Each structure stands twice: as C-alpha cells, then as structure tokens.
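> Here you go, one structure.
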Amino acid sequence: DFSKAMSQAGTSQFQEVIRQELEYSMKVELDKILATAHSNELEHTKKDLEGFKKLFHRFLQEKGPSVDWGKIQRPPEDSIQPYEKIKARGLPDNIASVLNKLVVVKLNGGLGTSMGCKGPKSLIGVRNENTFLDLTVQQIEHLNKSYNTDVPLVLMNSFNTDDDTKKILQKYSHSRVKIYTFNQSRYPRINKETLLPIAKDVSYSGENTECWYPPGHGDIYASFYNSGLLDNLIGEGKEYIFVSNIDNLGATVDLYILNHLMNPPNGKRCEFVMEVTNKTRADVKGGTLTQYENKLRLVEIAQVPKAHVDEFKSVSKFKIFNTNNLWIALSAIKRLQEKNAIDMEIIVNPKTLDGGLNVIQLETAVGAAIKSFENSLGINVPRSRFLPVKTTSDLLLVMSNLYSLNAGSLTMSEKREFPTVPLVKLGSSFTKVQDYLRRFESIPDMLELDHLTVSGDVTFGKNVSLKVSV
C-alpha cells in the first residue's frame, strides 16, 4: 500500500510539473501574439487573452466528466414551474413600466456554413424574404409600438459576423428599436498535439482566419461586461435581459414570464430563469436541468460519464431540456463578474482544419452559469417557444403553411388539427440553402403532414400537398 501511495504521489507530482510547464509555454506564446497587436487593439486583445488563459488553466486542472453521477437528483417540485401556472396570474395594468426594464439579447455569433451560406446565419432569408434579424426587429418594434415602450435589442456578434451585421443594421435606422452590438471574445485555437496556440500574431484575416474562434455563448457574461454596455443599460434603469439564439424563431418576449420575474408571488426575485420544454425523441441530446449539491444545474451530454449516457438520454427519467431562452438579472451579472464568480463547465470542442491539422477549442455555454446565480428557476414552456432553424429541414417547416406570420412572430396555423410539428428529414441534396430552394417550385401544403423523408435528388413542383406519411 505504501509503495502504491508513493507511486501515486509521484504520478501526481509529475503531472503537476507537466501542467506548470504547459502553462508557462502557453504564456510565452500568448505574450508573443500580444506583442504583434497595434495600439488601438491592444486593450481588448489583452482582455481576450487573459480570459483565454484562465480557461486554459482550468482545462489543465480538470479531468474527465465534470459531474459526479451519484450526486445528480431530480429538481425539487417548485424549482421548475409549469408555464400555465405563471400565465394564470395574468398581467398587471402597468405592463409597460415592466417592459421598460427589459433588454432583448440575441446570440448572433454563428455563421450559416452548416446550411451552405457565407456570412452571418441571421441574414439567411426565412420567410417572405425576411431574415432572422428582420423578424427579430419586427417583433420588438411591434412590442414598442403596442405598449409605447423602449425595449432595446442587443446583438452579441463574433469577429466572424460583426462587419456584415453592422452593414445591414443601417436599414433599421428608422425603426422603433434601439439596436446595440458588442463582440464576444476571440480566442486562439490550440494544436491538439502540442497544446499550444496555432496563431503566431493577432491578425485574423487571410490564412489566419482558421487560427481563431469565438468561445461559445458562455462568453456573454465577460464580453457584455467588458464592452461597457452592461453598465450603460443598468444606468438607464434596465433590470433584466432575455437571451436567446437568433435562429430560434419561437423565442419571443413573453409578458407573463417577465411579469413573474418583476413581480414574484413570494416577493423574492429570481436572478436567472431558464425556459425548458418537454423532450421528444428528437431532443435526447439536449442539456437537462437537475438538482446538484442543492443548486439547479444544467447537465450537458458531454459531461455525462460514458456508462450513464443512455440513462441521460432516457425520456422517462429526464423529461425536459434547455431551450436556451434565458432571463437574467443585469445586477447579478455585474456582481458575479466583478467577483469572478461565474462558474461554467469547459466544453472541449475538437476540430480538424482544412489542411488536416487537429485542433481543440475551449468553449462554455451560457446556461451552465445557472448554478452561480441566486434563486434560479426553470419554467416548463410550450414547445412553440422552441423553434430552432438549424437545417433546411427546419427551414421547410417555418416556410410552410404550418405557420402564419404576424408582426415578426410565427404561430402554428389554426387549421392544423394537432399542435405537434411533423418530422421532416430532407436528404443530402438539400443540405445547402440554394440547393434546397432550387428543388421547390413552391413550398408544399403541409397542414396534414406527420412525417416526410426525402432521399436522392428530388424536386417538388407547384401546388404539392403532403399528407400523413410521405
């Protein structure tokens, strides 16, 4: 036993030495990169690399899945409220004054590459020539006109989407929505073998575009704070942000949830609300809310020990998943950011670059911070609040007569007899948006469709109706 203990101590000492050497080598490389920055970009590059260094330090410290499966418990009954109960409270007369405390934040860092598009995903046309961004602006403008309020829109861009988005924003200069942007951090990709950055200088154009990445939407807390926008909005009397992915067309401002936040029935305000919805067979990989060490905690599939992955995917044990529609108190973000107290698990994302080099990206997810906030709550919302467009199969659904469009919001058509969405699987000939559009002379009538599978190079003529299983 003694020799075993000694060898373990030796191993951990050896690992500690390796860790320190890796951190030192990383620091040397990052200092070299920083030395290439011009004076006008020095400050924000320094902040980015500091944030990266912290994440890299944690990456070296933590090993294996980050949850102890034995500690996972079902959330207590009252920690996830049914939406019906929150809606049943109704709305106060002064809903406008409540709305004036809100800011809408859209996560706009993603490119449309998975759908074969260049540039920001938010600029893909989704419905009657309207893009994701058009629909978002229309929704908020409708809100501001209806209630005579001033709800601003904030876009979290990445270095990939910032220029293109800013050019487009000029077209909304006369709309009744103040639009602000800030950029998420820019972190260096790491060579998988050497664990050193592949970037040699700060530039990110030309052949250097592949050296950098935006580190996931968990970066919102630090970059929002660092941009100065967080303080400005608090100064204007704003109290909550509603955060969602720009490609989730179901994520509209919900007045009942906002009222619940601002006027809680027990008098104690929530700092963080996560909208969850019931899992279907299509959602088995989505993150779920659990109780862990007396706190609500988001558990993602990547954190689950291999032996328990099937259990995690079970629809009977874990019935809900995170929609990534989140309501967060601005003052709480400021407090936690200043104490460096926002704790999010690291997601290690392996990638292979065009030239065949294997790299890793260290990322975090915005919802994982739920455990750092006080008095968090899950709200089990209707499925209609989760309508993401990740593929052209999703795009076909939202372009069809299953939905009607009103003031930027999509609602399920009353003519559909049951409220579930058909399962659509378009084959590889439809992956890219332009190929998809070329294959439909007009979008089929899908009101009575349950299931569509298309394989091979198929085109659809005009006035096609799809019913039941096709």
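For all residues, glycine too, the Cβ spot is worked out from N, Cα and C.
Pulled these from TrEMBL:
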- LYS121, GLN184, GLY216, ASP247, LYS390: UTP binding site (BINDING)
- HIS217: substrate binding site (BINDING)
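Describe each of these features in terms of where it is and what it packs against.
Long-range Cβ neighbours of GLY216 (UTP binding site) (same chain, at least 6 residues apart, Cβ-Cβ under 8 Å): ILE347, ASN349, GLU363, THR364, ALA365.
Summarising the environment of HIS217 (substrate binding site), the number of other Cβ atoms within 10 Å of its Cβ, over all protein chains shown, is 23.
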> Does LYS121 (UTP binding site) have same-chain partners at least 6 apart in sequence with Cβ under 8 Å from its own Cβ, and which are they?
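In sequence order, the residues whose Cβ lies under 8 Å from that of LYS121 (UTP binding site) (at least 6 apart) are GLY110, LEU111, GLY112, MET115, PHE132, THR161, ILE246, ASP247.
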> Please find, for LYS121, GLN184, GLY216, ASP247, LYS390 as listed binding UTP, the greatest distance between any two Cα atoms, in Å.
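Taking every pair among LYS121, GLN184, GLY216, ASP247, LYS390, the longest Cα gap is 21 Å.
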> Please list, in sequence order, the residues in the chain of LYS390 (UTP binding site) that are at least six apart in sequence and whose C-beta is under 8 Å away from its C-beta.
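Listed in sequence order, they are SER114, ASP247.
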> Measuring Cα to Cα, tell me the gap between GLN184 (UTP binding site) and HIS217 (substrate binding site) in whole angstrom.
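Taking the Cα atoms only, GLN184 (UTP binding site) lies 8 Å from HIS217 (substrate binding site).
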